[in-house]
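> Let me give you the structure first, and then I'll get to my questions.
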Amino acid sequence: MIQFDRVSVTYPDAARPVLREVTLTIDEGELCLVVGHTGTGKSTLLGAINGLVPHFTGGRLTGRVTVGGRDTATHPPRELADVVGVVGQDPTAGFVTDTVEEELAYGMEQLALPPAVMRTRVEQALDLLGLADLRHRGLYELSGGQQQRVAIAAALTAHPRVLVLDEPTSALDPQGAEDVLAAITRLVHDLGVTVVLAEHRLERVIPYADRIVHVGADGAVTAGDPAAMLATATVAPPVVQLARAAGWTPVPLSVRDARRRAADLRHRLPATPTQPHRTATTRQATALTAAGVSVRHGQVVAVREADLRLAAGEVVALMGRNGSGKSSLLWALQGAGLRTTGRVEVPTAAGPADPARMKPATARTLVGLVPQTATDLLYLDTVDAELAQADRDATVGGRARALLDEITPGIGGTAHPRDLSAGQQLALVLAIQLSAAPAVLLLDEPTRGLDYQAKAALAAALDRLSAQGTAIVVATHDVEFAATVADRVVVMGDGDVVADGPAQVVLTASPGFAPQVAKILAPLPYLTVAQVSAALAAADPAPAASHAYGGGGRP
Amino acid sequence: MLSGARLPRSLHPVAWWLWAIALATAASRTSNPLLLALIFAVLGLVVTARRGDAPWARAFRYYLYLALVVVGIRVLFRIVFGTGVTADDHVLLTLPQLSTPDWYAGIQLGGAVSVEAVLSAAVDGMRLACLLCCIGAANTLANPKRALRVLPGALYELGVAVTVALSVAPQLVESVQRVAKARRLRAGRARGIRALPAIAIPVLHDALDRSLRLAAAMDSRGYGRTGTATPGSRRITGVLMLSGMAGLCVGVYGLLDPTVPRPLGLGGLAAGTLACAAGLVLGGRRVSRTRYRPDPWRWPEWAVAAGGTLAAVVLAAGTGYDPAALNPSLHPLQWPTLPLLPAAAILLAAVAAFAAPPPPAGPARITAPAREPAVDPV
């Protein structure tokens with residue numbers, strides 16, 4: 001179906017090719033998962049399938065890419081629209097019309113299909129992706145998961161034989177992501193569409209993948225059977241890391257497979273973990289107290305009388321579905337956002353202070369917030385300029401560069417902030433906010449779009465900060481991330497605080513919020529692979545060699 | 001058969017526009033306040049009966065406010081810049097008069113204000129207000145985006161650009177709000193013009209990124225697939241369109257300037273129209289695409305368009321009744337008479353309220369992004 005024949009891609013001004021001598025054949029009806037670290041040629045590989053690379057992006061492609069017998073060198077993307085459907089990360093970026101039904105028809109209108117065909121295909125696509133009751137709705141009224149399903153349906157109506165999806169779930173909450181992935185697997189099984197999918201959160205898609213294509217940092221591409229590829233890959237979901245620690249071969253890919261294998265492991269492990277999931281650095285001193293905080297936007301009560309006490313050095317994960325009031329609470333705590341009722345106090349040398357009553361410059365020395373779209377804070381041309389500005393704004397200047405190097409070393413000072421990867425941008429914004437040395441740090445969805453490495457770097461940075469006594473709140477959907485960084489988990493639902501307790505308790509209480517390790521080993525209260533490795537090592541030092549892979553615990 | 005065409009659906013936007021433009025033409029032909037009031041009544045009736053519940057359908061009242069303002073300004077100006085009174089005029093009130101210098105003669109401030117002058121200003125204003133409300137009614141009754149879809153193939157790109165711009169504008173506003181709010185987090189000390197980069201640059205970056213991704217998405221979905229056009233035919237299209245536009249300009253100028261012989265103006269207009277039409281047809285062949293669920297043109301569309309056009313024709317032709325009744329004299333002051341035939345023609349335009357199918361309930365709602373479920377409210 002798709003053939004890459006000795007394909008290399010080099011972008012202008014780039015020292016080395018993004019893809020090097022790629023030879024790859026993807027067969028009809030295959031679900032092919034593309035993995036690799038951020039900044040490797042994943043998107044380039046996907047873009048080359050429908051000719052966006054190099055027709056749209058520029059750069060130089062050598063070798064030959066053919067899709068359904070058509071050479072992309074002679075067929076620009078629009079001429080391949082009937083063979084390849086493309087869905088991107090942000091569904092709203094690709095919407096051309098304004099209602100669901102018109103959006104589904106748009107591609108077919110461009111292909112000049114007869115009206116009768118369009119009518120039937122729109123109806124089929126509405127049913128296939130469960131959008132029938134949304135057909136007349138405006139696209140911007142829909143939730144993220146619904147929007148992404150519309151984008152997929154819109155690509156499908158042209159009846160492409162290949163569907164290319166570039167991180168389709170990275171901007172969605174877990175439920176929306178589940179819906180989208182369920183829809184994708186149904187397409188593969190019912191329609192036999194060839195799907196090429198790039199995805200960071202491997203734990204969600206690996207069970208469905210027929211093949212894994214790994215894009216290396218040097219641009220080389222290897223492909224193979226998922227279990228075989230993952231046994232050695234540097235990017236691996238917790239279930240695979242657990243399998244490595246427990247020495248299972250072949251590697252199980254889903255929680256179900258792993259659980260069937262885990263009976264023996266559960267037996268071997270002690271009933272209580274030999275070490276906690278993270279070394280607590282919580283101190284006695286209070287870093288922030290919030291009492292009765294409510295936020296009201298018009299008729300909507302976003303946060304209803306929330307109480308929260310943060311201790312110095314504590315890391316709290318704030319969880320809950322989209323729209324449950326996590327962001328509103330963070331913004332209200334910082335003081336930059338709306339706070340309808342309640343009080344927030346941060347102890348200072350001069351007694352308790354309310355950040356909302358301070359000047360912004362003072363408030364950020366008490367409570368720092370990294371917003372969901374971190375790049376909103378960046379407006380200068382170079383990384384150095386941003387850091388210099390941060391030093392000028394800070395009470396104690398000159399630390400921004402050191403802070404940045406501590407979080408993510410090796411970011412060039414002359415680079416443009418917008419050219420950095422998502423992880424590097426987050427590190428830069430974090431460094432800027434930390435240069436004000438706030439006692440409390442709030443992060444809104446920092447893991448969005450980060451790969452395992454960037455997440456591990458972020459987790460390490462948060463560990464260091466909490467050890468220095470900073471209180472941290474991380475709003476996140478990412479259960480695995482919460483399991484590695486959080487001492488305490490607060491769950492919000494519809495504006496209320498639903499649960500508030502130690503991570504160990506909250507994260508194992510319900511399957512919805514449980515990390516993979518907890519699901520596999522339930523009822524044992526283990527959260528991370530590191531805990532399992534440590535317990536195994538304590539019980540039986542012999543198979544310690546197998547810990548080399550997954551010993552870090554951080555995915 | 002008849003009921004099928006009248007099931008709830010939205011009427012073809014072109015039918016509404018024809019109807020409204022025809023009524024506007026009718027209104028521009030008369031200064032009889034009774035006829036103008038009748039046109040207002042017809043507009044009000046049809047808009048009330050056949051508008052949907054979309055945001056643009058709630059705009060009619062703003063056109064009404066605007067119309068009132070127009071009448072008010074017109075009357076106020078006539079009172080302030082008086083034109084003096086003749087012996088037969090009825091003086092309504094006398095304002096203190098300001099003397100203007102000799103070189104500024106001809107314009108008088110204040111002075112006596114006659115009933116006739118105020119009335120004629122009011123009627124003039126009413127006529128202008130009526131034209132405004134006709135346009136307002138068309139905008140209220142027809143979905144502006146659907147109206148764009150009936151553009152000829154050659155102008156398709158233009159239509160797409162406008163549609164995209166209409167949907168991107170609210171996103172830009174949202175982006176500005178978000179960035180302005182985030183700025184507080186970094187406590188930028190700059191104020192005024194120096195604070196601009198901190199807001200403008202992230203917003204512009206956002207907008208650029210978005211448009212690039214949109215362009216890539218549209219390209220991937222087949223936008224701009226080449227049709228049957230060759231470079232030669234593309235050149236001919238260009239030449240036809242340009243010369244057609246030039247011809248139209250010459251023609252309109254010729255018709256409006258009395259010193260230019262009339263045949264020249266008419267000829268220029270006709271030639272220009274022909275060349276443009278040919279250009280559009282030829283250009284349309286370049287793009288091959290079909291339309292999903294095009295609005296049908298059935299008998300209600302005919303009825304609505306014909307009702308409006310008839311009113312325009314009757315008022316423009318001026319036969320079958322006393323043409324003077326369309327523009328009743330204010331000297332001497334008298335109650336205007338209602339000419340029967342024009343009144344009946346305008347009333348016929350009100351048939352639109354019954355001939356047009358009722359608007360569909362709820363569908364095709366397009367609102368500004370109320371993105372609550374997609375992103376946490378911040």
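Glycine residues also receive a Cβ, built from the backbone N, Cα and C atoms like all the rest.
These came from TrEMBL, pasted as-is:
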TRANSMEM  B:34-50  transmembrane segment
TRANSMEM  B:62-81  transmembrane segment
TRANSMEM  B:154-173  transmembrane segment
TRANSMEM  B:236-256  transmembrane segment
TRANSMEM  B:262-282  transmembrane segment
TRANSMEM  B:302-321  transmembrane segment
TRANSMEM  B:333-356  transmembrane segment
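Can you tell me where each of these features sits in this structure?
If you look at the transmembrane segment (B:34-50), the same-chain residues 6 or more away from its ends with a CB under 8 A from one of its CBs are 11, 23, 26-27, 60, 123, 126-127, 130, 133-134, 137, 140-141, 315, 326, 336, 338-339, 342-343, 346-347, 349-350, 352-354, 356, 358-359.
Listed by sequence, the residues of this chain that lie at least six past the ends of the transmembrane segment (B:236-256) yet keep a Cβ under 8 A from its Cβ atoms are 154, 229, 262, 264-280, 282-283, 286.
Nonlocal intrachain contacts for the transmembrane segment (B:262-282), taken as residues 6+ away from its ends with a CB within less than 8 angstroms of a stretch CB, comprise 152-155, 233, 236-238, 240-241, 243-256.
With a threshold of 8 Å between CB atoms, the same-chain residues lying at least 6 positions outside the transmembrane segment (B:302-321) that come near it are 11, 14-16, 18-23, 25-26, 29-30, 35, 339-342, 345-346, 348-352, 355-356.
Proximity of distant same-chain residues to the transmembrane segment (B:333-356), defined by a Cβ-Cβ separation under 8 Å and at least 6 residues beyond the stretch ends, is recorded for 11, 15, 19, 22-23, 26, 30, 32-35, 38-39, 41-42, 45-46, 49-50, 90, 115-116, 119, 299-300, 303-304, 307-308, 310-311, 313-315, 320-322, 325-326.
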